[in-house]
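Worksheet: one structure, shown below.
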Amino acid sequence: LPTPIPWSLTQPVTPDLLVSPSSQDGDLGSECPEDRGNWTGRLDFLLSCIGYCVGLGNVWRFPYRAYTNGGGAFLVPYFIMLAICGIPIFFMELSLGQFSSLGPLAVWKISPLFKGVGMGTILIVSLVAIYYNMIIAYVLFYLFASLTSDLPWQHCGNWWNTDLCLDHHVIKAGNNTLPVNISNTVSPSEEYWSRYVLHIQGSSGIGDPGRIRWNLCLCLLLSWTIVYLCILKGVKSSGKVVYFTATFPYLILVMLLIRGVTLEGAWKGIQFYLTPQFDHLLSSKVWIEAALQIFYSLGVGFGGLLTFASYNTFHQNIYRDTFIVTLGNAITSILAGFAIFSVLGYMSQELGVPVNQVAKAGPGLAFVVYPQAMTMLPLSPFWSFLFFFMLLTLGLDSQFAFMETIVTAVTDEFPYYLRPKKASFSAVICIALFLMGLILTTEGGMYWLVLLDDYSAGFGLMVVVITTCLVVTRVYGMKRFCRDIHMMLGFKPGPYFRACWMILSPATMMALLVYNIVKYQPSEYGNYRFPTWAEVLGILMGVLSCLMIPMGMVVAVLQEEGTLWERVQQASRPAMDWGPSLEENRTGVYVASLAGSQSPKPLMVHMRKYGGITSYENTAIEVDHEMEEDDEEESM
């Protein structure tokens, strides 16, 4: 009888180098950091990016910016700025994240001298995450308040109302027999927001926060709990939640749009929103506003895009995804404008005032004007609930991205200690940010929220994006960066992307930065002007994120050896282990540069494993040839 072959010998043997650290047994596994993980489904990444980019700003900032900057004519600078600094920087961030599979701090292995840029990003994102979740808490408050048969901001006569309160239902019932002067009156929804929800009359200003509003505090706790539960398992859990939070707002938006355009007077609002005033295009302010809208709406510079892309497989087609997300985001903004302005047109007809008197931006639109418009509709609690549920889903997936960015950045820096404890570490971050946000739940909390909103992600964020752009194209090198993308996607970026990265995007960002500094205006909330110390505090918030860059440089230079210039040169070169995270994707200059690398030719292992050469191996061979030719040219 033939001797039976042991079962273990019949199994295909995977070369050691292809086994991920987390799947190895014995001592070696304990020395390697736990696996980072990847998206579990093909659409996870795309929907997460859409959810991250399509946020509250699309609903409450874009429509207002459009109508104040030339209506339909605003779309011209909007799409030009999208092409110049939106799409190229978006693609650059995704490429950096996917190529290295690293978060916004560790990705600076590309040039350790500039690691401070990553630290600046984390500071900005942390400040934004604190106040963004407070806005979600306000949305939750209104969501629960909508679960009644009569909306609480529908009529005057409540304990929080003043003598100035004027109920539009009363005007309608009176058939306008008496001329009513509404210029010195306040709507019930405005008093509900300022006097009941915020209870702002309990605070004399930013230096006197007053007592904590416990109902707002509980809403903030609930919003942090929801965010924590959704990011508990990193992208594996948040990647599934976005299937709902990124798609459901579109369903509600379409419902609100259909309801809006069928209202009497809706056309008046839409006309107001879209009538092109081409003379506005001669003003530099309109172009700057368009660039700002693109900049904040796409969320470039916050590290969210880089973080999401770092969980992709190495050959994911991010080129296609870039155009889907950026154009989808622009179309959503325009659609939201129709939904908002059709209702504002109806409201202006009901109140008998021009549309520009009811149109507002920011929290004023979401928590005052739109809720007031809802009270004029039949089934008002139902429409109110839908509107705030849409805002909740829009806000949550942007918040997931901010939290994922912070957690990923720190765990990638300390993978041995933090990756196995990622859930506990996420909890610590959420609790810390919740405690820091408690001041926003006080009676004067709105003043602090305005301060954070105005300064946390202002010029600091622009400095971060400009520096990133310049480091990648000038220090790391455009040729090298394009070669990395070729390795990853199988083709090099065309002249459009190269021209934008080299000149157009940084130049536009510089113009934005200069404009922001020259046209600086102190913060205000309604008629309240912020004191000087609050302004200084705000400016320091922005300056601190910029100061991270020189601080990081000092640390990087001190870690090198030699003269000062030699140290600077060494620190600006990519780290030894910079490149694709998996050995099988490392070709050319990246071969065998990983710690513990067991093979100088991962390509050969790849060919043995898959029994042939795929299109990506072809690309790898091409890139290798190119590099050899470049080296020969340099040596000659």
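Note that the numbers count up from 1, one per residue, in the order the chain is shown.
Glycine residues also receive a Cβ, built from the backbone N, Cα and C atoms like all the rest.
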Message: Please identify the range among 455-476, 587-608 that TrEMBL labels transmembrane segment.
response: 455-476
Query: Cα distance, Cys156 (disulfide bond) to Val54 (Na(+) binding site), nearest Å?
result: 35
Spatial separation of Cys156 (disulfide bond) from Asn329 (Na(+) binding site) - C-alpha basis, Å: 39
Query: Counting across all protein chains shown, how many other Cβ atoms sit within 10 Å of the Cβ of Asn58 (Na(+) binding site)?
result: 24
- line: For the recorded positions listed (Cys165, Asn329), most other Cβ atoms within 10 Å of the Cβ sits at Asn329
- request: Give the one range among 45-63, 75-96, 323-347 whose Cβ atoms make the most pairs under 8 Å with those of the transmembrane segment (382-402).
  value: 45-63
Query: If one measures from the C-alpha of Asn58 (Na(+) binding site) to the C-alpha of Cys165 (disulfide bond), what distance in angstrom results, rounded to a whole number?
result: 31
Query: Applying the rule Cβ within 8 Å of the centroid of the Cβ atoms of Gly51, Val54, Asn58, Ser297, Asn329, Leu394, Asp397, Ser398, what extra residues of the same chain belong around the Na(+) site?
result: Ile50, Tyr52, Cys53, Gly55, Leu56, Gly57, Ala246, Pro249, Gly299, Thr332
- request: With a Cβ cut-off under 8 Å, give me the same-chain residues at least six positions beyond the ends of the transmembrane segment (290-311) that come close to it.
  value: 36-39, 45, 48-49, 52-53, 55, 57-58, 61-62, 65, 69, 74, 77-78, 80-82, 85-86, 89-90, 93-98, 100-104, 107, 118, 121-122, 124-125, 128, 235, 318, 325-326, 329, 333, 398, 401-402, 404-405, 408-409, 457, 461-462, 464-465, 468, 508, 511-512
